[in-house]
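Novice: Here Swiss-Prot flags H34 as active site, proton donor, drawing on sequence analysis. According to Swiss-Prot, the ATP binding site annotation covers 27-34, 147-150, L176, 184-187, on the basis of sequence analysis. Residues or ranges marked as (R)-pantoate binding site in Swiss-Prot (evidence: sequence analysis): Q58, Q153. The beta-alanine binding site annotation in Swiss-Prot covers Q58. Swiss-Prot lists 1-276 with the feature region 'Pantoate--beta-alanine ligase'. Taken from Swiss-Prot, the feature region 'Cytidylate kinase' covers 277-512, and the record attributes it to sequence analysis.
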Amino acid sequence: MKLQTSADLQRWLQAGGPGPLHLVPTMGALHQGHAALIRAARQQGGRVLVSVFVNPLQFSPNEDFARYPRRLEEDHALALEAGADALWAPQPEDVFPAGAAGLTQLAPAPELVANLCGPSRPGHFEGVCTVVSRLLALVQPSHLHLGEKDWQQLQVLRRLVRDLRWPVQIVPCPTLRERDGLPLSSRNAYLSVEQRQQAALLPQALAQGQQLLDAGQRQAEPLLRAVRALMEDGGLAVDYLQLVDLPRLQELEQVTGPALLAAAVRCGEARLIDHRVLMSRLPILAIDGPAGAGKSTVTRQVAHELGLTYLDTGAMYRGVTWLLQQRGFEPQEGEPLQALLADLELRFGPASGTEQTLLVNGVDATSAIRTAEVTASVSAVAALPSVRAALTQQQQQLGQQGGLVAEGRDIGTAVFPDAELKIYLTATVAERARRRAADLAARSLPVPVLSQLEQEIADRDHKDSSREVAPLRQASDAVELLSDGLSIDEVVAQIVALFREWVPVEALNADA
């Protein structure tokens, strides 16, 4: 279905009824990159609306607004074939009924436009923020699908949505590329056959940045110099080439974590942008918090959602506690504990149902480590310096290559202080007691009265936060997330969205 006026849009919206509504905003000249966005929206269920609007506000006077590709009939056919329910192609008066003179414009966060395209395209991101705010107001979607190719624009809109508390979920889609690596773009149509071959040098030069990093070059200046030389030697006119952090887009002097190597070049009459996410290892997500905050369940689901390995560090401490109890040892330093740790073998096996299997010296202790007896003693065992040292070393060895999500009480402060994202997941004592009771009941275990559970949880909080070795603390750079009133799925969605601001989908997608 093709919609043109605001009245057409409102009739279509009213006829749809409740349910998810996915908006894929475009400026037209659709290609397979747009089709991927539409297909991703289709897979999530609900209705899918594609908007086509060449926004005059985001073009500077000397840019290509007048000749920007316009082919509405082809766009309509591609959108429907990819799974859209309707395509809306409004006129400027539908989006901006008061005209430019009567328009209230929105400005992006200044830090997000201080680099990359911001300085060379004055007014561009103000135009983007303004038009997207109008589209969201008119459509009121539940989901907004955006490509990671325009990473700076994506970060600007994420901040806009968060700061203005708009009830819409942003869904990123990895950059799609041609066989030679050039990102799919409507502006590729400006390139002649010869220029098209020349443009392929852009992704090739950016890929050299990762090769230099792999060879040990972490300093920005020599890395940028080498990449720029490749571009200019190939005849590309470099508008900018910068190395910035992913969430705030601030310039970096060296690569210490995931970094964005981004460029804009001119090839003939076309201005092309591209980027490469540089990583020295796969990312780590650290989730800390007090007992009963739902860390294990959340971390397991987050790891699955992100395609990362789940490292249940809490289960490791429970495994040591269970083994001490099995042998009749007190939770204290001494030769018995040293001997136990010397022979300790903890191995995670395939998930059994929804829970990861833990083998302690070859014995399946998955259920045994979740009993009330183990829960009551695990904090004291975890406070023992030798236990802490032994398990921290094991965990750090597991994390040398990255690619994992770990949960515990000191993951972000002691085990993985260089984790790309740190979450401090918490909940009130009353909420955690209620969850603990439900968990015990689900396992057919005895359920104490809530007041007893609340006291036990408060006591454990005190022990965890006051112990001398690796006390429970929120890392200074951690994001606090209070989970009261939120479902597991809602908590997972928030954490995944935060992670995607630090690590793009395409950085973990071998096909991107």
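Keep in mind that glycine also has a Cβ here, set from the backbone N, Cα and C atoms.
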Novice: Which of M27, L30, L176 (the binding-site residues) has the most other Cβ atoms within 10 Å?
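Specialist: Per the Cβ count within 10 Å, the most buried is L30.
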Novice: Would you identify the secondary structure of L30 (ATP binding site) according to DSSP, in three states?
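Specialist: SS state of L30 (ATP binding site) = coil.
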Novice: Can you tell me the CA-to-CA distance separating S186 (ATP binding site) and Q153 ((R)-pantoate binding site), as a whole number of Å?
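Specialist: Given the Cα positions, S186 (ATP binding site) is 16 Å from Q153 ((R)-pantoate binding site).
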Novice: Among all protein chains shown, how many Cβ atoms are found within 10 Å of the Cβ of S186 (ATP binding site), not counting that one?
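Specialist: If we count other Cβ atoms within 10 Å of S186 (ATP binding site), we arrive at 18.
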Novice: What's the number of neighbouring CB atoms sitting within 10 A of the CB on Q58 ((R)-pantoate binding site)?
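Specialist: Other Cβ atoms found within 10 Å: 21.
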Novice: Give me the CA-CA distance between E148 (ATP binding site) and H34 (active site, proton donor), in Å, as a whole number.
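Specialist: That comes out at 11 Å between the alpha carbons.
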Novice: Using a 10 Å cut-off, grab the number of neighbouring Cβ atoms around the Cβ of H34 (active site, proton donor), all chains included.
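Specialist: For H34 (active site, proton donor), the 10 Å Cβ neighbour count is 27.
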Novice: Restricting to the region 'Cytidylate kinase' (277-512), what is the model's mean pLDDT?
Specialist: 91
Novice: Spatially, and counting Cα to Cα, which of the recorded positions is closest to L176 (ATP binding site)? Options: H34, Q58, Q153.
Specialist: H34
Novice: Whole-number answer please: how many Å between the C-alpha atoms of Q58 ((R)-pantoate binding site) and L30 (ATP binding site)?
Specialist: 18
Novice: Round to a whole number and give the Cα-to-Cα distance in Å for the pair Q153 ((R)-pantoate binding site) and M27 (ATP binding site).
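Specialist: Counting only the Cα atoms, the answer is 14 Å.
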Novice: Quick check on the binding-site residues: of G33, E148, Q153, whose CB has the lowest count of neighbouring CB atoms inside 10 Å?
Specialist: G33
